[in-house]
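If you look up Swiss-Prot, you'll see 276-278, 283-289, 315-320 marked as acetyl-CoA 2 binding site, on the strength of sequence analysis. Per Swiss-Prot, the feature compositional bias 'Polar residues' maps to 73-83. Under the heading domain 'N-acetyltransferase 1', Swiss-Prot lists 40-179. The annotation domain 'N-acetyltransferase 2' is assigned in Swiss-Prot to 187-344. The region 'Disordered' annotation in Swiss-Prot covers 61-83.
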């Protein structure tokens, strides 16, 4: 049997189990199963806003029942089988994170590869929808990698595909040509100074991503959590100024290991165009492209052989700019939307 448990915070053992679960899913699927926001929430005792964790826990170490497919409306029956001997009793075999605000919740769901097809995913999604308090609640669940199994489950549970996030990549090895960045007249670029630039950067970030459901909502705490990460390096965080005011930025990131390298490639470090933003109506034409190139040149000088970035598929202007700089689509993440049926 499998039991579901809601947690406001996680124990150290919970975190270890979830991290192992994520690693197993990543090996099986070839893509990371959760976002950076969720990974940053996986800290013992940490509570972030209204975020909550839903754990699917194996209640028996060894069962002999047949595989049962995910079947809506029969969650208890669907959870009666686990892989014999694979996961001890009390270990986490499925995980969901619920965030966002009351009437517009966002979630991510992952099931251990050895326990798929047994109703765990259906049970987790059912637990998420049941937890929504408001009568008009809406829920968006991210499925990383656009996997067929996730699409099939979403269809069965009446979720609608609404948003696609592209991961783009391009080579960056020494000698790979990059155009010269051309800054608009009067614009200068320097690197980020922690504490000094935090609030100014947050203001420009919020304005640049006013219509973005995640990036535009960043707070000082969100920035502080990332500054505390081992990958944070202000030398790769570029700020554009005009007349002393911040008008744009390019924050780069270096991953120690590419968790989803191309097939038959040895995993190594990879750079990331973490976030590029320009203050609306400021800075002049071409500032976003120039900032992108400045960051790419920095990553190339750091010895990175390739670079990735994430962009919404419907952000046609940004996609056009990135493809014009040699980026191609590597993987897709999909958001599925659900609304509580009207009772009227």
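Just so it is clear, glycine is given a Cβ too, placed from its N, Cα and C backbone atoms.
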When you tally the Cβ atoms that lie within 10 Å of each candidate's Cβ, which of the binding-site residues (276, 315, 317, 319) has the highest tally? 276
When you measure from the Cβ of residue 286 (acetyl-CoA 2 binding site), how many other Cβ atoms are you left with inside 10 Å? 15
Residue 288 (acetyl-CoA 2 binding site) -> DSSP, reduced to three states, gives helix
Mean pLDDT for the domain 'N-acetyltransferase 2' (187-344), as a whole number? 94
In sequence order, what residues of the same chain, 6+ apart, have a Cβ less than 8 Å from the Cβ of residue 278 (acetyl-CoA 2 binding site)? 208, 240, 247, 248, 287, 288, 291
Cβ-Cβ neighbours of residue 288 (acetyl-CoA 2 binding site) (radius 10 Å): 19
